[in-house]
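Below you'll find the structure, written out as structure tokens, and then a few comments.
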Amino acid sequence: MNNIHAIILAAGKGTRMNSTKPKVLQILSNNTLLEHVLSQVKTLCNKIHIAYGFEGKQVQQKINNPSINWVKQVKQLGTGHAVAQVMPYIEGNSISLILYGDVPLIKRSTLYDLINKTQQSGIALLSVILNNPTGYGRIIRNNKQIQAIVEQKDASNMQLNINEVNTGIMAINSQLLKQYLNEIDSRNTQGELYLTDIIACAAADKKTISSIISKNKFEVLGVNDKVQLAELERLFQKDQAIQFMKQGLGLKDPTRFDCRGTLTFGQNCEIDVNTLIKGKVALGNSTTIEPNCIIKNTIIGNHVSIFPNCVIEDAVIGEGVTIGPFVHIRPQTHIQTHAKIGNFVEIKKSTIGKNTKISHLSYVGDSTIGKNVNIGAGVITCNYDGVNKHQTIIADGAFIGSDSQLIAPIKIGKNAKIGAGSTITKSVSENQLSVSRTKQKNLKYRSKK
């Protein structure tokens with residue numbers, strides 16, 4: 001493609017958001033609105049320019065991209081004024097692609113087509129047909145040729161009946177853009193410089209104005225308040241879920257699935273309702289996730305079964321593992337193949353060996369547990385002394401009886417056994433049985449008189 005400059009307008013405060021953050025930093029599926037736009041243009045353009053205003057330092061710090069040219073719009077005097085602030089940095093022999101930081105679902109493929117149209121005609125608009133066009137600038141045509149764009153507040157009653165509207169997104173030869181920006185004025189109800197007025201200038205100049213009518217109205221929707229943001233989130237999530245399903249992922253209900261990050265998966269994977277994926281998550285083949293689970297930054301192997309109401313964060317789960325229900329696996333945990341983690345178990349910063357079972361009501365923290373170990377119900381690794389965390393090591397084949405406490409730092413040897421109800425404060429050697437209990441007393445029961 002020719003020399004392409006992206007101009008992203010991101011100066012608005014977003015008053016209706018009622019937020020200390022500027023509108024373009026509101027979050028949609030784990031990324032800011034502006035980051036969504038940038039992700040679609042970064043491979044299309046030679047240079048990206050962002051016109052910023054409200055809380056500009058906050059915006060720049062969040063994006064943190066030194067290759068972007070940041071241009072301050074001191075006064076918000078309209079879209080034409082915003083673009084004019086950027087023009088000193090635009091090369092004449094180029095195409096300017098103009099976008100908005102609060103229109104986050106625009107597709108790269110649409111922008112690619114728009115640029116191609118511009119290379120043929122010099123100007124190309126992106127429009128959309130809406131059943132209810134209220135609030136949008138109308139596309140005015142004469143014999144199918146675009147003549148102007150009229151904003152809602154300046155439109156006549158006849159023009160208000162038009163349902164083809166301007167999305168604001170356009171591509172234009174940069175020399176023409178500079179020329180027509182010098183020809184527009186602020187004689188309108190808003191007293192602003194409308195970027196859309198350059199279309200009337202081009203039509204008067206007998207220029208052919210091309211257009212693409214978006215087939216997907218959702219990709220050109222803007223965001224003005226938290227209600228619209230939530231609506232757009234649902235549209236984004238459903239569209240993403242459908243794409244996953246087309247790639248082979250089984251989703252019980254695509255409207256009740258959220259991926260706020262990236263998800264890769266093998267064949268025959270099934271995810272039930274109300275599952276949230278965050279960060280980078282990878283699923284192997286034939287893995288199932290049942291309802292109400294949260295999976296974050298985790299690698300999950302083949303043939304893993306995750307039962308309802310589990311939270312798994314920053315972990316590695318080996319092949320054939322079963323987890324849940326009601327399990328919390330915290331960061332830096334590695335569960336090796338065919339281990340079983342049962343209901344109401346919490347594991348933190350630990351390695352759980354092959355074929356090991358932790359079936360009920362246990363806490364395991366800062367521990368290394370070998371293979372073929374059985375951890376009974378209610379076992380606690382007491383890893384914190386009030387100041388420091390300490391490690392528990394349990395070797396292969398050990399058996400830890402129910403309701404035992406292991407006071408770290410401690411090591412339980414290979415094939416050792418801990419009797420139920422014990423509090424173990426000293427390490428136990430290989431093949432030893434350790435029991436720590438007070439002597440049982442059976443006292444005569446005295447009934448009340």
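Each Cβ is built from the backbone N, Cα and C atoms, and glycine gets one as well.
Keep in mind that what you see is a predicted model, and the values were worked out from it rather than measured.
Swiss-Prot lists 1-226 with the feature region 'Pyrophosphorylase', giving sequence analysis as the kind of evidence. As annotated by Swiss-Prot, UDP-N-acetyl-alpha-D-glucosamine binding site applies to 9-12, Lys23, Gln73, 78-79, 100-102, Gly137, Glu151, Asn166, Asn224, Arg330, Lys348, Tyr363, Asn374. The Mg(2+) binding site annotation in Swiss-Prot covers Asp102, Asn224 and rests on sequence analysis. Residues annotated as region 'Linker' in Swiss-Prot: 227-247. Among the features that Swiss-Prot reports, region 'N-acetyltransferase' is placed at 248-449. Residues annotated as active site, proton acceptor in Swiss-Prot: His360. Feature annotation from Swiss-Prot assigns acetyl-CoA binding site to Ala377, Asn383, Tyr384, Ser402, Ala420, Arg437.
With every protein chain in view, the residue among the binding-site residues Asn383, Ser402 whose Cβ has the most Cβ partners within 10 Å turns out to be Asn383. Checking each of the recorded positions (Gly12, Asp102, His360) against Ser402 (acetyl-CoA binding site), the C-alpha distance stays within 10 Å for His360.
Reported as a whole number, the C-alpha separation between Asn224 (Mg(2+) binding site) and Gly12 (UDP-N-acetyl-alpha-D-glucosamine binding site) equals 10 Å. Candidate binding-site residues: Leu9, Gly78, Glu151. Nearest to His360 (active site, proton acceptor) by Cα distance: Leu9.
The number of other Cβ atoms within 10 Å of the Cβ belonging to Ala420 (acetyl-CoA binding site), over all protein chains shown, comes to 15. For the region 'N-acetyltransferase' (248-449), the predicted model reports an average pLDDT of 97.
Arg437 (acetyl-CoA binding site) counts 10 other C-beta atoms within 10 Å of its own C-beta, drawing on all protein chains shown.
Secondary structure of the region 'Linker' (227-247) per DSSP (helix as H, G, I; strand as E, B; remaining residues coil): 20 helix, 0 strand, 1 coil.
Looking only at Cα atoms, Leu9 (UDP-N-acetyl-alpha-D-glucosamine binding site) sits nearest to Asp102 among the binding-site residues Asp102, Asn383, Tyr384, Ala420, Arg437. With a 10 A radius on its CB, Asp102 (Mg(2+) binding site) counts 27 other CB atoms from all the protein chains. Per-site Cβ counts within 10 Å over the binding-site residues Leu9, Ala377 peak at Leu9. Cα of Asn374 (UDP-N-acetyl-alpha-D-glucosamine binding site) to Cα of Ala420 (acetyl-CoA binding site): a distance of 12 Å. The Cα of Gly78 (UDP-N-acetyl-alpha-D-glucosamine binding site) lies closest to that of Asp102, out of the binding-site residues Asp102, Ala377, Tyr384, Ala420, Arg437.
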